[in-house]
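In what follows, a single structure is set out as structure tokens and then discussed.
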Amino acid sequence: MCGIVGIVDAGGVSYPLYYALYALQHRGQESAGITTFDGKALHKHKAQGLVAEVFDVDSLSGLLGNAGIGHVRYPTTGEKIPENIQPFNFTFQKKKISIAHNGNLTNTQDLRREFEERGQIFCTSTDTEVIGNIIVDELRHSSSMQDAVLACMKRLEGSYSVVVLIDDKIYAFRDPLGIRPLCLGKTPEGYIVCSESVAVDALNGEFIRDVKPGEMITISKEGIKCVQIAQASCCGFCIFEYIYFARADSVIDGQLVYDVRRRIGKSLHLEAPVDADIISPVPDSGTAHATGYSESSGIPFREGLIKNRYIGRTFIMPNQKARENAVRIKLNPVKKHLRDKSVVLVDDSIVRGTTSRRIIDLVEDNGAKEVHIRVGSPPIKAPCYLGVDMPTREELIAHNHSCDEVCKKIGATSLHHISIEALIRATGHAPEDLCTGCLTGVYPLKIGNEKACTRHIDFISGTYQSDLKTFGKEETIK
Ligand code: AMP
């Protein structure tokens, strides 16, 4: 998973981009980068590490100009090598171009092979570079970014929210199913497009709306233009963004993530009530879910575990051993809240099961007499090919274990996962507008031999002016 941002602002963009990336840090902790354009040249700074480690006053002061893009990376494709750190910069026919992407293409190998057969070289092992190549290939024939994005939407399979800086303009587009989030906001003297609305908030900006699936937004010093390039019969919003990935204070596709999680907690209580002494979240990802359970049950919300704020998400650790050690550093039990108590522990998801087992041990070792686990997602049974690091089926504890078996394996007094129906209701979206591939094994597009419930996609015709469809017409936001 990754986070992306693009800003055009007459007051300069280096610090706004930096603050926005800070707000999106949860989407990727492996590397961070910014590219800006000052009217003549691109300026870039990128490196491995957290945003706070990558940038300092010196590097930010070199990022000149009023247009720029930024990226935080959590690698799901491509190795962890410096060449893969985004944004990627290049020059084409005197145009200075930079690109950053969140998502995961499922046809990268085919596209890459096709370019390589034509003698094209690649400098990275990412799918993002393939997107850059399609754009440039199209710009070669027609100088229109609308054509280039149309070509992308016709050829790319998978998930992609993309920002492209071409000289002093930013183009942002979201795949026709809208799998990964992307939204638009107003900054003091310009506009921002970013993965989550928290980045708009970080700049004290004004949230405008989500970028629509299949839409392209152009931001320049003149303002904003929006054009619908493709229209799918249904969307494929990633349900895992709501369960775990996005920040609780973000609004994604019209839903405040915190509200979704509270509704999940409420449903967890209605589906599996317990006569317990306290409701405790597994911090931080289970907090909003636990609030909902507590409100619905009337049982007090009390934190039984406190998280060390200065450790990254455990799943960024390179191997199982590192992940296991990280749990101990990450969470400290509050003995007084746990001793002789019957505890409902609410977590967002169980992936491999390692975290739950360790947490239950921790809570029991500190005196809890019962530990009831309530989980804000149905069992995760299938991998994600669309941008979340969800391992192979074999690594997923729910793949070949029933709920009762998982309960025994993790040592819980009881275990309940929210039903898929209640989860979908909690998101506020229609079931056909969501990607639930990791929960159901059915994906919104064809991926290898996996089951799919594909969407029909219409594209705008080549003659935009005479296009009679409701989409394909440019609209300006003042
Ligand atoms: P585990 O069951 O040990 O893999 O850990 C699951 C916990 O890690 C969940 O409660 C989440 O907070 C977090 N998590 C969420 N997504 C992932 C993921 N893709 N891979 C690993 N851990 C994740």
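Quick reminder: no glycine exception, Cβ is built from N, Cα and C everywhere.
Around Cys2 (active site, nucleophile), the C-beta neighbours below 8 angstroms that are at least 6 residues distant in the chain are Arg27, Gly28, His71, Val72, Arg73, Tyr74, Gln86, Ala100, His101, Asn102, Gly103, Ser195, Gly387. A strand conformation is recorded for Cys2 (active site, nucleophile) in the three-state DSSP classification. For Cys2, the entry in TrEMBL reads active site, nucleophile.
The C-beta environment of Cys238 ([4Fe-4S] cluster binding site), restricted to residues of the same chain at least 6 apart in sequence and closer than 8 Å, consists of Ser159, Ile179, Arg180, Pro181, Phe245, Leu386, Gly387, Val388, Leu434, Cys435. Residues or ranges marked as [4Fe-4S] cluster binding site in TrEMBL: Cys238, Cys384, Cys435, Cys438.
Cβ neighbour count for Asp348 (Mg(2+) binding site) (all protein chains, 10 Å cutoff from its Cβ): 24. The feature Mg(2+) binding site is assigned by TrEMBL to Ser285, Asp347, Asp348.
Under the heading domain 'Glutamine amidotransferase type-2', TrEMBL lists 2-222.
Cys438 ([4Fe-4S] cluster binding site) sits 14 Å from Asp348 (Mg(2+) binding site), counting Cα to Cα. A mean pLDDT of 96 is what the model gives for the domain 'Glutamine amidotransferase type-2' (2-222).
Residues Ile179, Ile239, Phe240, Leu386, Gly387, Val388, Met390, Thr436, Gly437, Tyr443 surround the recorded [4Fe-4S] cluster site, their Cβ atoms falling within 8 Å of the Cβ centroid of Cys238, Cys384, Cys435, Cys438, which are themselves excluded.
In the three-state DSSP scheme, Asp347 (Mg(2+) binding site) falls into the strand class. Proximity of Cys384 ([4Fe-4S] cluster binding site) to non-local residues of its own chain (separation of 6 or more, Cβ distance below 8 Å) is seen for Phe240, Met390, Gly437, Cys438, given in sequence order.
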